């Protein structure tokens, strides 16, 4: 007698989706918690401090609203940049970068607000310095060079703040 082959149905193993580990983005310099971010924060801080010191050394800046606005905006920029520079130093020391969405959102919103305020204040102050120097021709009785220097430092602080905002926003959008 010959045996015949028998076919027995075999059940397929259940389909399981393997947990694929999420790939994290590399730390690009300028993103929160990196050395590039710390350097940008220090540039913002230094230019803002120079701007406010130069403006406060003049006696007649309170008489112009745009200059008072510049002092307030740059003062806020100093506080914000100093706090985030401390956070960047901490992140560098513990060798961790900021990955929390809420923290990066806070950084992006704060950078957006402070950079916008600094830019608006610098533009307003630039308009007033042009008015005083070119249109009214009263540079001899005012501190035109100091006003122009403070305004230029505010613009440089804004130039350093803008990349911080864009890097934080990009980090947030790439999640």
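Glycine is treated like the rest: Cβ placed from N, Cα and C.
Just so you know, TrEMBL annotations are computer predictions that nobody has curated.
Remember, predicted model here, so these are calculated numbers, not experimental data.
Some features that TrEMBL has for this protein:
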- 31-160: domain 'Casparian strip membrane protein' (DOMAIN)
- 38-57: transmembrane segment (TRANSMEM)
- 69-94: transmembrane segment (TRANSMEM)
- 106-132: transmembrane segment (TRANSMEM)
- 152-173: transmembrane segment (TRANSMEM)
* Asked: Which of 38-57, 106-132, 152-173 shares the most C-beta pairs under 8 angstroms with the transmembrane segment (69-94)?
  -> 38-57
* To do: Could you tell me how many residues in the domain 'Casparian strip membrane protein' (31-160) are helical, how many are strand and how many are coil under DSSP?
  => 106 helix, 1 strand, 23 coil
